[in-house]
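**Student:** Mind having a look at this structure? Questions to follow.
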Amino acid sequence: MKIGVLALQGAVREHIRHIELSGYEGIAIKRVEQLDEIDGLILPGGESTTLRRLMDLYGFKEKLQQLDLPMFGTCAGLIVLAKNVENESGYLNKLDITVERNSFGRQVDSFESELDIKGIANDIEGVFIRAPHIAKVDNGVEILSKVGGKIVAVKQGQYLGVSFHPELTDDYRITKYFIEHMIKH
C-alpha cells in the first residue's frame with residue numbers, strides 16, 4: 001500500500017517518515033498523475049493560502065475533488081479539507097466543518113499539549129504552530145479531541161483532520177490510525 005504526501009510545502013519528509021514507521025510506503029506527491037498510484041493522501045501544514053494557490057497552479061484541486069481518496073489534513077491541510085473557513089467557502093469541501101484560522105495565536109504563541117484522541121490514544125503530543133481550530137461540526141462529523149474547549153481533531157468517513165502537527169514529534173500513532181482504520185478498512 002502506498003500513501004502519498006502532497007509535496008508542495010510543509011514537513012513532507014517528516015510525514016513520509018511517520019508513514020514508513022507505520023510499516024507502509026510513503027511517497028512525495030509532486031504531480032497530479034501520481035494521485036492514481038496511491039491509496040491515501042496526507043495534506044501537510046504550512047500556509048493555507050499558499051497551499052491553495054499551489055494546488056490550483058498544479059491542478060490538484062479539481063482532481064482531488066473528483067477522487068474518492070482517503071485524506072488526512074494537518075494544520076493547513078485541515079483548512080484545505082474544510083467546507084467552511086471563518087466567513088468564506090472551503091476549498092476541497094471534504095469535511096463538514098467550519099475552521100477558524102490562527103485561533104491559538106501567532107507564531108510566538110506556539111505550544112505543545114498532551115492530547116486524548118478518541119480511538120487512538122490518551123497521550124498524543126500535539127504541536128500547535130499558528131494553529132486553527134474547528135469552530136463548528138455538522139452531522140456526520142466525529143469529534144476526536146479538544147484543547148481548552150476548542151475542537152482540534154475530527155473525522156468524517158474517510159477524512160481525518162487535526163489542527164496540530166503530529167509529524168513534528170516521534171509519535172506516529174495518528175498516521176498509523178489513518179492508514180489502518182481509514183484506508184485499509
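Positions of Cβ are set from backbone N, Cα and C atoms, glycine also.
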**Student:** Per Swiss-Prot, what member of Arg17, Arg101 joins Gly46, Glu47, Ser48, Ile129, Arg130 in binding L-glutamine at one site?
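**Tutor:** For the L-glutamine site that includes Gly46, Glu47, Ser48, Ile129, Arg130, Swiss-Prot also lists Arg101.
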**Student:** Among the recorded positions listed here (Arg101, Arg130, His165), identify the one with the smallest other-Cβ count within 10 Å.
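**Tutor:** It is Arg101 that, of the recorded positions Arg101, Arg130, His165, has the fewest other Cβ atoms within 10 Å.
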**Student:** Which three-state DSSP class does Ser48 (L-glutamine binding site) fall into?
**Tutor:** helix
**Student:** With a radius of 8 angstroms around the mean position of the C-beta atoms of Gly46, Glu47, Ser48, Arg101, Ile129, Arg130, what other residues of the same chain does the L-glutamine site pick up?
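**Tutor:** Close Cβ neighbours, site residues excluded: Gly45, Cys75, Ala76, Ile79, Asn102, Ala131, Pro132.
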**Student:** Out of Glu47, Glu167, which has the highest number of nearby Cβ atoms, where nearby means within 10 Å of its Cβ, if these are the recorded positions?
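**Tutor:** Output for this query is Glu167.
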**Student:** For Ser48 (L-glutamine binding site), identify the closest of the active-site residues Cys75, His165, Glu167, judging by Cα separation.
**Tutor:** Cys75
